[in-house]
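Chemist: Dumping the structure here so I can ask a few things about it.
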Amino acid sequence: MNDEFSIEHATATPPETGAIQVGVGRPEKASSSAGRPQISAVACDRPPHGHLRDTGIFVFRQRTERGRRRLPGQAPSLPPSLGRASERAWQASGLAVDGRVRARRRCRTTDPPPNPSAPAPAPALAPHSAIPLETTIVIMASISLEDVRNETVDLETVPVQEVFQHLKCSKQGLSSTEGESRLKIFGPNKLEEKSESKLLKFLGFMWNPLSWVMEAAAIMAIVLANGGGKPPDWQDFVGIVVLLFINSTISFIEENNAGNAAAALMAGLAPKTKVLRDGKWKEEDASILVPGDIISIKLGDIVPADARLLDGDPLKIDQAALTGESLPVNKHPGQGVFSGSTVKQGEIEAVVIATGVHTFFGKAAHLVDSTNNVGHFQLVLTAIGNFCIISIAVGMVIEVIVMYPIQHRAYRDGIDNLLVLLIGGIPIAMPTVLSVTMAIGSHRLSQQGAITKRMTAIEEMAGMDVLCSDKTGTLTLNKLTVDKTLIEVCGKGVDKDMVLLYAARASRVENQDAIDTCIVGMLADPKEARAGIKEVHFLPFNPVEKRTAITYIDGNGDWHRVSKGAPEQIIELCRMSKDAEKRIHGLIDSYADRGLRSLGVSYQQVPEKTKESSGEPWQFIGLLPLFDPPRHDSAETIRRALHLGVNVKMITGDQLAIGKETARRLGMGSNMYPSTTLLGDGKAAGELGALNIDELIEKADGFAGVFPEHKYEIVKRLQDRKHICGMTGDGVNDAPALKKADIGIAVDDATDAARSASDIVLTEPGLSVIVSAVLTSRAIFQRMKNYTIYAVSITIRIVLGFLLVALVWRFDFAPFMVLIIAILNDGTIMTISKDRVKPSPTPDSWKLKEIFATGVVLGTYMALTTALFFYLAHDTEFFTEAFGVKSIKENDRELMAALYLQVSIISQALIFVTRSRSWSFVERPGALLVIAFLAAQLVATCIAVYANWEFCKMQGIGWGWGAAIWAFSVVTYFPLDVLKFFIRYALSGRAWNNINNKTAFTNRTDYGKGEREAQWATAQRTLHGLNQGGGASSSELLGDTTGYRELSELAEQAAKRAEVARLRELHTLKGHVESVVKLKGLDIDTIQQSYTV
């Protein structure tokens, strides 16, 4: 059968539906026997693969069914299944086609099959035209919005018209309904931050190892303590639950307040945009944008999403936030612009092609989200908690072994003693105290212009010893300027000021670009650029001529013309001699070596007095050096940072010469390298091994020409070298490194991506606030360190002290009284968050060995004083004889009160020892801490003096005993400072050096010293190519052939060379000097300069 019919449209649906629809018009030859046309199979000349936005060649074979009459306008019925070959191909590809059918070539059944890879073009068939039984057709596949979301098409490179086809939109914009539906597909145009349920956050404060111990104690108080003829210990249970609830509530409130402050900051920085919706221009939040929206961007706007420019004049776009480049780039209609870049000149409409996580920002944020570090604070908190838990566990095991199998104590008495160790030994308030300390510190930082998004970054900032800083917009102003001192005058009768004035006249005074702005801005008054002259004609900058020019009339009526632009264009314009041209090229090269961009200025007179006239010959009058100047406070900030032991490294995307010039102006040193050296590309790959690269990064002052992956790698390698690394930045290219760094700092005017990835957001320009933040962080860290030493000491003190009392004297201390001690201690210690401290002049770190050693020694001493006190009160008449008080040795109830007061006084007084570096009574504490201590001890003393509590078997001891216990506590308090000094001295290493160097108060003989000096002298000879005397041995060197005088002179010369090399290294590396490392091992009191916060 050879019936023909026309194809009006064809639609291919996803293969899983098993349907391919082909719309069919009326047959040109209606045979009476012809039935309804039906597609029996679809066969592909080539399997569909890749993206089906490409043209696909398909062969449709049709047949007609006889005996069935086709109704007018009825489409063909669907086949029950596809052909096997094509079905397998479609299912393997998993892709769909939805488009119009256009006939490219007509071929009968007798024609050979067309070449799928190179179909011959032919005019498309008109609707209702005849198509033979077997026809090769082309399906122009369009993509769905889901494909756009999945980035199966590159909308950045296809023609703009195809962008509209793929996005199913037009230049009239979208409707509000369509925008809402697309918002469900693409999501909001913003970087979402992970949110956490507040209820889960609150419960999280009750779900940690320290809380588990207290929760176990609470269960123990009502389950295991239910025996021995006594009811469950409900007082202890309620007290423990209340203590847990109070600690969790305080921690939650403080951290929630800090989180709300950061959220409010982010909300206040939400960008706006101008979008065409429902045929009207509206100003809306940038978060509502979807692909297909038409937006308008103009001078000063931040591009809200990735977009393609439509018809209009070219734009100047500042992409410093994306690439780190200082100069704007030109963008023409049809080209793409990226979210986060800033419009510096022009106004144009654009169609949005990507939003949210699919933009350049979003791709960087994806790398950011893949980084999840565990902070130092969590690790330290876990280590200290584990130490306390293990100490309690050891004490409990000893008690169980001694009390039950050996002493055969009553079951309930043993449980009570175990509860004493659990309740009193665990530092349950530690997470709360540290959280409150950091939350209050976070509030203080916000007042200084630093918003803290992650509070644990505060303690990490205190230990920061390396700060990697982006250059553009962070160390510099991200605004071009002219260095007046380096202006080169090349013409006669002009000076530097005249060259600058002529350049300003060749600049626009309105709607300026970056170069015009910086040149006009160098004048004392911008109006000077047009003062006393009348502008006749202005030639704007264009990419071809690369210069601007102005024709003007001066006050005398004379005509002049000035031009500025690329030096090569100005040189060609002037047609100067080869010698003059060579001199100017030399100046340009010298600028380039220092990282400065050059701008040429030329001048001519126009005697014809018409703007079209060529005028007299051009004169090259001068060169202007352009550079991105450092911020006014950057040099001082870097100097103070180095003084505080923080090494600053410049990480920039600019050229190496520009980075070196900026570093020179800031006093950072010029030891900078290109990014190729960093990753060992090219020649560097054979010269630098992994270890050398690590050392290179550690000692370098900075790197230039870096990309985001380079910044990430720099931070990672520094962290691998055990550095606490901070990273400052303002652009999306900084986001991955900001997230990877221990402390990510987003500077003022940073992009959303940088703020989202950072830990601290600065609200003041420049880096000066960082120095204040470092000092504040170190003060906060000092408070936290003071408390951790206190907490460890109290754990040892409670466990060992009550262990001795329970096992030696078989005295059962009431768990409820330990709970009272814990509550009063926690209430007092909360005030340490506002204590007056001296921050360290060098980076701080959690020295766990020092914390544990100090805690064990001080805790053991206090435990022994408690045992001594109990011995004197229980077994002797010491207090009766010394203070004239009644004896309580036979009254366990009064012993309970006396022991409670002694433990309470010495435990709380310990905080004054741990908070000070020198004598505790010399360093003035915060007023709030003193008030809290006095209030808590007044309550404790009143309880010991007056309380008669039957449930805990305690009876008041009166004011006489209270005064005696206070006197005993004061006497035993002073040795705590001595022990503190001894521990610090022993841990510093100086004590062991003295032991090694001294024997019976005399210096040890250094045997072999002369031999080592001779070997060193020989090495110096070899190093500098000196004569070795025929390879003389060390013994010969000390003999007659080489005298001591010669060796001394050689040693002196070598020492001088070593000193020169050392000074050169110190000058080059600045913040890497070895003295900074040595300072870490010194006592803070030896540092002359100190700060009080």
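Numbers run from 1 along the shown chain.
Positions of Cβ are set from backbone N, Cα and C atoms, glycine also.
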Chemist: Among the residue ranges 106-126, 547-567, 589-609, I'd like the one that TrEMBL describes as region 'Disordered'.
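Modeler: The listed stretch tagged region 'Disordered' in TrEMBL is 106-126.
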Chemist: For the transmembrane segment (813-832), I need the partner stretch with the highest count of C-beta pairs below 8 angstroms, choosing only from 418-440, 787-807, 926-947, 959-983.
Modeler: 418-440
Chemist: Within the same chain, where does the transmembrane segment (379-406) have neighbours whose Cβ lies under 8 angstroms from its own Cβ atoms, ignoring anything closer than 6 residues to its ends? I mean 6 or more beyond.
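Modeler: Those are 208-210, 213, 413-414, 417-418, 421-422, 425-427, 430-431, 434, 788, 791-792, 795-796, 799-800, 803, 806-807, 846, 848, 851-852, in sequence order.
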Chemist: For the transmembrane segment (926-947), find every same-chain residue at least 6 residues outside the stretch whose CB is under 8 Å from a CB in it, and list them.
Modeler: 820-821, 824-825, 827-828, 830-832, 834-836, 897-898, 900-901, 904-905, 908-909, 911-912, 915, 954-959, 961-962, 965-966
Chemist: Can you tell me how the residues of the domain 'Cation-transporting P-type ATPase N-terminal' (154-226) break down into helix, strand and coil by DSSP?
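Modeler: Taking the domain 'Cation-transporting P-type ATPase N-terminal' (154-226) as a whole: 40 helix, 1 strand, 32 coil.
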Chemist: Cβ under 8 Å, sequence separation of at least 6 from the ends of the transmembrane segment (852-873): give me the contacting residues as numbers and ranges.
Modeler: 387, 789, 791-797, 799-802, 804-805, 808-809, 811, 879, 888-889, 895, 898-899, 902-903, 906-907, 910, 913-914, 965, 968, 972, 975-976, 979-980, 982-984, 987
